[in-house]
Amino acid sequence: MTAPAAAIRRLDAREPEFLATLDALLAFEGGADARIDAAVSEILRAVRTTGDAAVLEYTRRFDHLDVKSMVQLELSKSELKAALDSLTVEQREALRVAADRVRVYHERQRAESWDYVEADGTRLGQKVTPLDRVGLYVPGGRASYPSSVLMNAIPAKVAGVGELIMVVPTPNGEKNPLVLAAAAITGVDRVFTIGGAQAVAALAYGTQTLPQVDKIVGPGNAYVAEAKRRVFGTVGIDMVAGPSEVLIISDGSGQAGWVAMDLFAQAEHDELAQSILLCTDAGFIDAVAASIERLLPSMPRRETIAASLANRGALIHVDSLEQACAIANRIAPEHLELSLDDAEPWIGRIRHAGAIFVGHWSVEALGDYCAGPNHVLPTMRSARFSSPLGVYDFQKRTSIVQISEAGAQTLGRVASILARGEGLQAHARSAEMRLHDR
């Protein structure tokens with residue numbers, strides 16, 4: 001079989017039209033798909049109306065599982081343990097090491113309640129409370145990712161979520177033991193073998209068997225993403241993620257083959273994934289391009305990689321690392337690699353990135369699985385205003401207001417003036433009724 005061509009655009013940041021070309025390269029519109037929109041709308045309506053019956057029907061239709069009740073689609077704790085026990089020693093150890101590292105990192109994120117007391121006895125504070133119940137969607141079939149279980153379940157558990165319910169499709173009854181083992185290791189409370197928009201609907205609205213959750217997290221296909229988008233407001237969601245992204249900043253000090261493979265690691269996700277190199281050394285860019293040509297034929301997913309690099313990839317020559325950092329902040333990538341011998345001084349120049357991987361040894365793939373920080377990161381330039389998934393996404397904050405009698409005298413007058421200025425007389429009088437000299 002002929003290997004696919006490894007075409008990837010070459011750009012020069014000194015060209016007058018560079019920024020316009022870059023913005024066009026970055027532009028990604030998922031686009032409204034009328035077929036997906038209509039299908040998801042009908043599925044949500046059916047599940048909301050009939051509950052278990054609709055979920056069973058869609059599971060029969062899409063996953064080819066013909067069961068009589070939702071009880072048959074729930075896995076027991078013993079089944080999860082059996083999946084864990086079925087793994088090789090190496091697989092079990094890898095899952096445990098990764099889980100431990102993710103847990104240690106996320107334990108540092110746990111927010112605590114606080115308060116303070118003013119001179120007149122007024123107490124103000126913030127109460128931090130974990131969510132009661134969270135739903136975790138995990139893809140099934142060919143796209144089975146135990147790492148997604150670790151990255152979503154562990155921060156929820158660290159936050160103290162009361163109940164964590166996982167849904168994972170099992171087409172034709174095929175279960176992925178790594179995914180179920182990850183659920184066992186992380187302490188997922190309940191697991192249902194359902195998927196698609198019907199699983200999102202069941203989590204969002206509740207059914208006769210599956211209770212309504214407060215928030216839904218986890219990746220999925222276009223139907224899952226659209227369902228999450230539609231149920232937002234009824235429940236919380238983590239994000240609606242776009243294609244995976246990596247941006248590598250290099251001064252030519254690394255190994256070209258390493259950089260090429262790091263670009264591949266994103267490109268193999270799908271044809272819309274984005275892999276970009278910013279480099280000050282034109283000769284090194286040539287070496288990376290040559291490495292891409294040399295290494296691509298050996299990759300099992302070479303067709304996907306080639307299409308991704310051709311569609312949305314770029315090798316960009318920049319004048320300086322200062323310019324590279326400015327461009328990086330414009331891109332606001334999901335993953336940013338500082339592939340530099342002396343990377344530390346440049347961390348402070350980066351304002352917008354989901355995660356920064358510092359130095360030649362900090363390969364992004366380690367962050368996907370076992371470094372510790374979360375791999376659920378903002379995409380599509382949303383790192384300008386959003387953050388990685390973390391413990392804080394599974395906690396909520398409540399303000400505590402305890403006004404003393406003395407405090408009510410001072411604050412009551414302030415509130416009265418402002419309320420009357422807004423034309424809200426009941427607000428003003430409510431405050432004034434607490435005043436001693438009213």
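In case you wondered, yes, glycine gets a Cβ from its N, Cα and C as well.
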**Asked** In Swiss-Prot, the residues SER244, GLN266, HIS269, HIS335, GLU422, HIS427 are said to bind substrate. Which of ASP189, ASP214, ASP368 is said to bind at that same site?
**Response** ASP368
**Asked** Where the distance is taken from Cα to Cα, which of the recorded positions GLU334, ASP368, GLU422, HIS427 turns out closest to TYR137 (NAD(+) binding site)?
**Response** ASP368
**Item:** Number of other Cβ atoms within 10 Å of the Cβ of GLU334 (active site, proton acceptor) across all protein chains
**Value:** 29
**Prompt:** Around GLU422 (substrate binding site), how many other C-beta atoms are within 10 angstroms of its C-beta?
**Reply:** 9
**Prompt:** Given the binding-site residues HIS269, HIS335, HIS427, which one has the fewest other C-beta atoms within 10 angstroms of its C-beta?
**Reply:** HIS427
**Message:** By the count of other Cβ atoms within 10 Å, pick out the sparsest of the binding-site residues GLN198, ASN221, SER244, GLN266.
**Reply:** ASN221
